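K.L.:
Submitted below is the structure of interest, expressed as structure tokens.
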Amino acid sequence: MKIYFKKNYSSSIEADTAIVLQVQNVKNSFGLTEVDPKGIATKSYVRENFQGAFGSQIKLLYPEGSPVACLKVIGLGKKTNLNDEIFLKVGGLCLSNITKTSKIIVFIDASVSHIMHFVLGMLLKNYSFNRYHTRKNNANSANLTKTEVTFITENAYICQQELQQVTSLCRGVNLTKELVNEPANVLGTCEFVEKIKQLRQLGVEVEILEKEALEQLGANALLGVAQGAARPPYLAIMKWHGDKDATLQPIAFVGKGVVFDTGGISIKPSLNMENMKSDMAGAAAVVGLMHTLADRKAKVNVVGVVGLVENMPSSNALRPGDIIKSMSGQTIEVINTDAEGRLVLADALWYCKTQLKPKFMIDLATLTGAIVVSLGSQYAGLFANDDQLAQQLIHSGQATAEKVWQMPLSQEYDQLIDSRFADMRNSVSNYGAGSITAAQFLKRFVGEDIPWAHIDIAGVAAGKTFNEFNTSWASGFGVRLLNHLIQTYYEKNK
């Protein structure tokens, strides 16, 4: 999809479809008289009782010789409710039922921020994952790659300058979706590593630690998860040096990358197990974020760390009751081999903290089913040992529609993971609070001397995540949230 911005409308601008946005109960819509000089749309308003409620639409077809062949009027809702999220959603809605259009005009009288969110909504909605369909006429196959969209706006010049930022963000989100959507027979640990190596083309420094190096580091928690699988384990480290001051501490993002999770010896039920190809969504979000930052040349130093494993049952697999010594030296009694993500993150977080020495760490993981019970698919669970970092993430979540809800951490929950036989156990089955005790487990590998946040994305990464701007099974959650966090609070304006 090609995007253009123009300050004024001219009949010389070719278009098949014009899109006009209607604020609820406001008589005049910007651009309506230009494409509908005879007032046909106004008559349709009365006939259809169209008032411009959010998401409502009227579609009109015009005879040959008219300025456009088709006019879509889309309701924005009440003026008092207008914000970036509304424009993000309407941007996605405007592509509904448009499959063959090659040229679109959008009339938009709004702030630069609102306009760019509208553009982002369009670009995100345009993503589809259909490479394994042999018949391309399925409902999710529309991808308007050759479509040209011209925005008519007073802010045309500034919007054109901001377009690269939005397209870079969209590429990162779509990369995350692509990784999560891929089946595990196509995207194993080795293939994931190759995807990460492609970031080098954008200037990202990539280091891959293989099994032997991980053994030397004592990463027995991560290696324990992988020992039942034929596919090798990896720890991938990505570095983006966007700030000229190389002495500044980087900010760090850590992702869980279980390319397929059977549960191991504590095997999962077969119902819906196919969805466990998404158990690497945290790692995918980190990779997508690094792609966005490098693509838009973000002026910040960032590191990304992802642990890549497959959790399979075999005669060599980790067993319930096994005790392993993590990279930190702390020992873990394995109660449930299906609580494997926290084992991967334990070593990844410890490595990140001690070897990369970041300013703060944020990890993302499809960690617990308990967070889905708590928050469903509307919010991700947020756990943090630093109030400022937590508030920044909450604000960025509200600003990007990737919302997080803060959950508690406390000594009362921490003591629940104590083990009779080791320093801690990896699962607590009799006390509830599963997402909290999982976060408490991770906290033992972080401590209090570095700001840290854990985002449990089990409910928001894939599945029931369809909305106005996403028709993909995978949502790409995390990239927009963390990109906004960096832009707003940590990136230098140079």
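Heads up, the Cβ atoms here are built off N, Cα and C, so glycines get one too.
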K.L.:
Of Glu205, Glu207, Glu333, Glu340, which does TrEMBL put in the Mn(2+) 2 site with Lys256, Asp261, Asp279?
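P.N.:
Looking at Glu205, Glu207, Glu333, Glu340, the one TrEMBL places in the Mn(2+) 2 site next to Lys256, Asp261, Asp279 is Glu340.
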K.L.:
Pull the DSSP breakdown for the domain 'Cytosol aminopeptidase' (336-343) and write it out as helix, strand, coil residue counts.
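P.N.:
When I sort the residues of the domain 'Cytosol aminopeptidase' (336-343) into the three classes, I find 3 helix, 0 strand, 5 coil.
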K.L.:
Around the C-beta of Lys268 (active site), how many further C-beta atoms are within 10 angstroms, looking at every protein chain?
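P.N.:
Other Cβ atoms within 10 Å of Lys268 (active site): 15.
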K.L.:
Within a 10 Å radius of its Cβ, which of these binding-site residues (Asp261, Asp338, Glu340) has the fewest neighbouring Cβ atoms?
P.N.:
Asp338
K.L.:
Summarise the model confidence on the domain 'Cytosol aminopeptidase' (336-343) as a single mean pLDDT, whole number.
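P.N.:
Result for the domain 'Cytosol aminopeptidase' (336-343): average pLDDT 98.
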K.L.:
Rounded to the nearest Å, what's the C-alpha distance separating Asp261 (Mn(2+) 2 binding site) and Lys268 (active site)? Just drop the number here, would you?
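P.N.:
Here the two Cα atoms are 8 Å apart.
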K.L.:
Need this for a regression test: recorded positions Asp279, Glu340, Arg342, filtered to those with Cα within 10 Å of Lys268 (active site). What's left?
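P.N.:
Final answer: none.
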K.L.:
I want to check the contact list for Asp279 (Mn(2+) 2 binding site): same chain, sequence separation of six or more, C-beta distance under 8 angstroms. What comes out?
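P.N.:
Sequence-distant Cβ neighbours: Lys256, Val258, Val259, Phe260, Asp261, Asn311, Gly341, Thr366.
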